[in-house]
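Visitor: This is the feature table in Swiss-Prot:
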{"type": "TOPO_DOM", "residues": "1-161", "note": "topological domain 'Cytoplasmic'"}
{"type": "REGION", "residues": "1-71", "note": "region 'Disordered'"}
{"type": "COMPBIAS", "residues": "11-20", "note": "compositional bias 'Basic and acidic residues'"}
{"type": "COMPBIAS", "residues": "59-71", "note": "compositional bias 'Basic and acidic residues'"}
{"type": "TRANSMEM", "residues": "162-182", "note": "transmembrane segment"}
{"type": "CARBOHYD", "residues": "Asn224", "note": "N-linked glycosylation site"}
{"type": "CARBOHYD", "residues": "Asn232", "note": "N-linked glycosylation site"}
{"type": "CARBOHYD", "residues": "Asn418", "note": "N-linked glycosylation site"}
{"type": "CARBOHYD", "residues": "Asn489", "note": "N-linked glycosylation site"}
{"type": "CARBOHYD", "residues": "Asn528", "note": "N-linked glycosylation site"}
{"type": "CARBOHYD", "residues": "Asn593", "note": "N-linked glycosylation site"}
{"type": "CARBOHYD", "residues": "Asn909", "note": "N-linked glycosylation site"}
{"type": "CARBOHYD", "residues": "Asn918", "note": "N-linked glycosylation site"}
{"type": "CARBOHYD", "residues": "Asn976", "note": "N-linked glycosylation site"}
Amino acid sequence: MAPPDSTHGGSFRDHLKTNDRSSTSKGKQRYSPLQEAIPEEISSFRSPSEYADTDSDSDLERSGSYKLRPVDRYGSHHSSAFIPVIREENGVETYLDSITEAEQELLSASKQYDLVDDDDSSDFDSDEEATLRYRLKDRLKRRRARLQAWQPVKYARIWWRTLLAVVVTLVVVVWGFLSFAVSHREEPTVWPMVPSDSWFPSPKGGTLKHWEESYKKAQSLVRNMTLVEKVNITTGIGWQMGLCVGNTGPADIVKFPSLCLQDGPQGLRFADHVSAFPAGITTGSTWNRELMRERGVAMGREARLKGVNVLLGPSMGPLGMMPAGGRNWEGFGSDPVLQAVAAAETIRGIQSNGVMATAKHFVMNEQEHFRQPFEWGIPTALSSNVGDRALHEVFAWPFAESIRADVASVMCSYQMVNNSHACENSKLLNGILKDELGFQGFVQSDWLAQRSGINSALGGLDMSMPGDGLHWVDGKSLWGSELTRAVLNTSVPVERLNDMVTRIVAAWYHLGQDTWERPPPEGNGGPNFSSWTNDEVGWLHTGSNDGSYARVNHYVDAQGTGPEAHSIIARKVAAEGTVLLKNVDRTLPLSRNASSPSGGILRVGIYGDDAGPALGPNACPDRGCNQGTLATGWGSGTVEFPYLVSPIEALESAWSTEIESTAYLRNAVMPADAVDKDLCLVFVNADSGEGYISAGGIHGDRNDLFLQKGGDTLVRTVSSNCGGGQGKTVVVIHAVGPVVMESWIDLPGVHAVLLANLPGQESGNALVDVLFGEVDASGRLPYTIGKSLEDYGPGAQVLYEPNAPVPQVDFLDALYIDYRHFDRHNITPRFEFGFGLSYTTFELLDLSISPLQQKSRSVPPRPADAVAPPVYDISLPDPASALFPAGFQPVFKYIYPYLSNLDGTAPHNYSFYPKGYNETQRPSPAGGGAGGHPALYEEMVSVKLQVSNTGDRKGQEVVQVYVSFPPDFPERVLRNFTKIELEPSERREVQMTLSRKDLSYWSTREQNWVMPEGKFQIWVGRSSRDLPLMGEY
């Protein structure tokens, strides 16, 4: 989501030249968002004002005494007095070529208008005509002289144009040859980009057995609701019109409360006395299912204590197709299975507290550039174009697992998918999410991602957030009273509204929120904090001027205490999410009793802005700046830090013996600053975030994958000079995603590298735990670290410049995300997906592959609905019942469901339905259960092996299972994993299973999951390229 920005606005700037755009690193030119000043256009043509200053003719202007009069060229016998004057001269064509653009416009205008003297409307007299002829002849001579001076330039242009034509011809010939060669080469897989299909009507919820009781309760409540109450529940009341970032209206008659929706995936945004947990990318790096769930439990507990009904997380989109994507850090990694497992465990943890979780952003929200039109001054958001197979096997996979985890809400994303806005894309919401995946909860929009009223309702959207329509805080909603009117005039069927509100109420019952204390005035429930002020007393409707206020902050401490303190789980996740990438001669772990190699006091240098606290963790709104140690990215997915333990603070008390420590908390250091040190600790980072904030020249998405703020230079300088070349340098990276480190990773002075990701509030403590070996280095990469951004392939590049009025991003190779692309093209990465060193060693052995079921090509026929969905009376109420009640005083900009008049409420034959609205849709054969057909999740294969700790200390190993399909598939794909802890010499059996879906692909022809014929190779190992064990099935 994004907050309103007063600088948003403008129009599509497709007329900007390449050299007009803001610059980025490596000399590239980039498109700038509207938050920053837009440079003036540099044009090869001058403006009219410039013509007036340099090329205007005072006789032609006559001090503005001439005006233009329309001429009927068919009925008038008067010709322009100006035209014969020109045509009587010699060299007319040369003259016309040389005159300025303004004069050409005047000549063109003269063909349609007569020049008339305001002082005398009669024709020119002979003296005036002669004078004008003389002056024009003189001007023509000067023009010819000027033209002769430009002859060399003219010939030079001709030469260059000829050369360009030859080059273009050669390129076309070569391209044609290559195209012919490619077209005659065997290409087993083709990914056609087709517009999004339609899928109507929106499937009704309440068809799965484990939701039956919740839907029965919801049906009883909804039956007693009025039309305006139903609309009130589906529409937010407006940005800053309640205490939370999102607030629905209540249904007072049936005692259904207003719901509080609050960010986000890292904890509670805009709240006091809450925890700043490690980011999703750090959590994914743990590869620890138990920690993933425990973190979710703690997040859900804090949301419950603060009175939040719906927590807007976890994030599983973006998936990380683009390694420079600005919000990748909110998710768990660049693989659908890793992302799915972490998301599902987080959801189970959050919802164990009765708080509704939100799976977001559905789907293909892979970059920040052009995700919203008003952020970039373009007509509409970009379109992410993806094939059906990649959509199912990659991007929708985590959402399917989230639905299996019983997630209550799904948030649709900002951008378009196959040129249909995600929040009204009926194929996505109706066809895939609700029908095929059996989603029983409600679909909410991202904040202002709703782009239509009727189409979004029919397309499957159930809740509009924050209620505002196309603009922030204007009090004009696409739903609210407009939805009331649309239902009354039958353009939106009342059955659709009934399903929308029933889904929301059923989710409320499903999480047991009907047992929560009611909010004021009936009780003391509801949110006990304000998103808009830290003061105890504040406005109830901050976005309005109504002046109503109350106690809004009760300062409830939700962080837990003692052994239940959430700082404990935050520290564990941050430590286990730290990845050891390099460790020469067992430089790590450090000894707390260390001394200098010469036997004296250990001399330690600490380098880099990232080591220190700088201005504090909350110095910039939504963490929108890179200063001090980096513990989170920026945007709506972050939180207010209760505290932040920086590395420099934690290191002050890390050694048991006396040491000599010197801190250089800056990125510009001199070689002399390192020459007398035994140990050099270098802290560097790379930041990014949501697109509504620009910081350090980064407009959401990173410009490249290099370290920021001179980090690469800092590492090279320190490592080359530490101890006069004899010292040991340890590099600690805090980053939102992969960083290219080719300029220093192989330097002999770099002895160890730790990737600490985004560790949250316990940053320094968790780092010290790993540095000194209190915790094993057990993190594993949740993405591939390539040697360059180009290694990830053309399909993984952020679109930084709009390539059309509606920017188009074609995910042609989306099936080959991250390590799959590296494997497909045999590219050697710097560090592969799943890689990570440990302080001990492990051995994997005795692999056993056992079939649990016989292979079969496809799933059985789709099972019938287990339960019939609710049925309601569909008669419409008296439109007058939807009017504002007599004497009602509306709050300015607050969004109500009431009508101010009855215009447009009469039923009529609405004829502007989306394409395909009247076509009957066949239920997906891949549906029938939560997450899809129940048979997809049957266990097909058992994988057993022995894991032995062959080192001299306790440690944790991540055992990863990959599957190689028969030909025409990615080389291998992750399908399962587990993490175990072993004492030295301990040996233990590990067992995992593979489901039918794990061994199937999505058939675009059959629109179903199909298990291919042939043998599967099942690989087991420590990373995507360290797979010592292999069996077949």
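For all residues, glycine too, the Cβ spot is worked out from N, Cα and C.
Help me see these features in their spatial surroundings.
Guide: In three-state terms derived from DSSP, Asn224 (N-linked glycosylation site) belongs to neither a helical nor a strand segment and is classed as coil.
Within its own chain, Asn232 (N-linked glycosylation site) has Thr248, Gly249, Pro250, Ala251, Tyr896, Pro897 as residues 6 or more apart in sequence whose C-beta sits under 8 angstroms from its own.
Of all Cβ atoms in the protein chains displayed, 21 besides its own lie within 10 Å of the Cβ of Asn418 (N-linked glycosylation site).
For Asn489 (N-linked glycosylation site), the number of other Cβ atoms no farther than 10 Å from its own Cβ, over all displayed protein chains, is 17. According to DSSP, Asn489 (N-linked glycosylation site) is assigned to coil rather than to any helix or strand.
Cβ neighbours of Asn528 (N-linked glycosylation site) (same chain, under 8 Å, six or more residues apart in sequence): Lys306, Gly307, Asn553, His554, Val556.
Around the Cβ of Asn593 (N-linked glycosylation site), 9 further Cβ atoms fall within 10 Å across all displayed protein chains.
DSSP gives Asn909 (N-linked glycosylation site) a coil state; it is part of no helix or strand. Every protein chain considered, the tally of other Cβ atoms within 10 Å of the Cβ of Asn909 (N-linked glycosylation site) stands at 6.
Within the same chain, residues at least six positions away from Asn918 (N-linked glycosylation site) with a Cβ under 8 Å of its Cβ are Phe200. DSSP assigns Asn918 (N-linked glycosylation site) to coil, not to a helix or a strand.
In three-state terms derived from DSSP, Asn976 (N-linked glycosylation site) belongs to an extended strand segment. Asn976 (N-linked glycosylation site): 20 other CB atoms within 10 A of its CB, across all protein chains.
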Visitor: Could you give the Cα-Cα distance between Asn418 (N-linked glycosylation site) and Asn976 (N-linked glycosylation site), in whole Å?
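Guide: Given the Cα positions, Asn418 (N-linked glycosylation site) is 31 Å from Asn976 (N-linked glycosylation site).
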Visitor: Considering Cα atoms only, can you say which of Asn224, Asn593, Asn909, Asn976 is the nearest neighbour of Asn489 (N-linked glycosylation site) among these glycosylation sites?
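Guide: Considering only the listed glycosylation sites, the nearest one is Asn909.
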Visitor: Please report the distance from the Cα of Asn593 (N-linked glycosylation site) to the Cα of Asn909 (N-linked glycosylation site), rounded to the nearest angstrom.
Guide: 83
Visitor: Within 10 Å of the Cβ of Asn224 (N-linked glycosylation site), how many other Cβ atoms are there?
Guide: 11
Visitor: How long is the line from the C-alpha of Asn909 (N-linked glycosylation site) to the C-alpha of Asn976 (N-linked glycosylation site), rounded to the nearest angstrom?
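Guide: About 53 Å separate the Cα atoms of these two residues.
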Visitor: Would you mind reading off the Cα separation of Asn224 (N-linked glycosylation site) from Asn976 (N-linked glycosylation site), to the nearest angstrom?
Guide: 47
Visitor: Mean pLDDT for the topological domain 'Cytoplasmic' (1-161), as a whole number?
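Guide: On average, pLDDT over the topological domain 'Cytoplasmic' (1-161) sits at 43.
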